[in-house]
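Some notes on the structure that comes next.
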Amino acid sequence: MSVSPSASAPSADPATGSAPAAPTQADLLDFVRRTAADAELIASLPLDPEGRTWVHLDGPGGSEAWLIGWPPGTGTGWHDHAESIGAFLTAVGELKENSFAARLPTDGWKTLELTEGVDRERRLPAGRGRSFGQHHVHEVLNESTERHAVSVHAYYPPLPQIRRYSRSGQVLRLEQVERPEDWQ
Ligand SMILES: [Fe+2]
C-alpha cells in the first residue's frame with residue numbers, strides 16, 4: 001500500500017484494506033449468534049429475579065457487546081441508539097421487540113404523532129435475533145410471567161447516546177438523552 005501525502009486528494013484510498021473495516025449489521029448479527037451458542041458463557045451470566053443483569057463483552061471490530069438477563073415482566077422502554085447500528089439475539093427464553101415500520105425523523109422534534117398501523121412487533125424465541133440500522137426506535141420486553149430470558153447485543157460504534165422516549169397512544173415524546181458519562 002502507499003499513502004498519498006497530498007492533502008488535496010478528494011478521496012481516501014479504499015483499496016488498501018489497511019484500516020480494519022467497521023463491522024456491518026451482518027457482522028454484528030453473526031457475532032451475537034455465535035456468542036449465544038456459547039452455552040458456558042450464557043450460563044455464566046448472574047440472574048436476578050428483581051432486575052436486569054448485564055455482562056460487558058468485547059464485540060467484533062471495536063463494537064460494544066453485552067449479555068443481558070431479563071427477569072419475567074421486564075423491558076427497556078422506548079429508546080434508540082442514535083448513530084449506532086446494532087444486533088441482538090435471544091439465547092434463552094423469548095423476547096418481544098416493538099418497533100415501527102416507518103423511519104422516524106432523527107432530530108429536531110420533541111413529540112411526534114405516529115400514523116395508525118405503523119407498529120410492528122416481532123417475537124424472538126431462543127436462536128432468533130435481528131440487526132438494525134441507525135436511529136432504530138424500539139422497545140424490548142420479556143413478557144413471560146415465569147421465565148428469565150437471556151440475550152446478546154452488539155452495537156457499533158460503541159454506544160455514544162441512548163435517546164429515551166415515552167409513548168401515549170400514537171404520540172412519542174423524547175424524554176431524555178443519555179450519554180456514556182451518565183452510565184458511570
Ligand atoms: Fe435497544
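Each Cβ is built from the backbone N, Cα and C atoms, and glycine gets one as well.
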Of the candidates His138, His148, the one that TrEMBL places in the Fe cation site of His79, His81: His138
Of the residue ranges 1-23, 47-69, the one that TrEMBL records as region 'Disordered': 1-23
Cβ-Cβ distance under 8 Å to His138 (Fe cation binding site), same chain, at least six residues away: Thr76, Trp78, His79, Asp80, Glu97, Asn98, Ser99, Phe132
Around the Cβ of His79 (Fe cation binding site), the count of other Cβ atoms that are within 10 Å: 19
Other CB atoms, at most 10 A from the CB of His81 (Fe cation binding site): 24
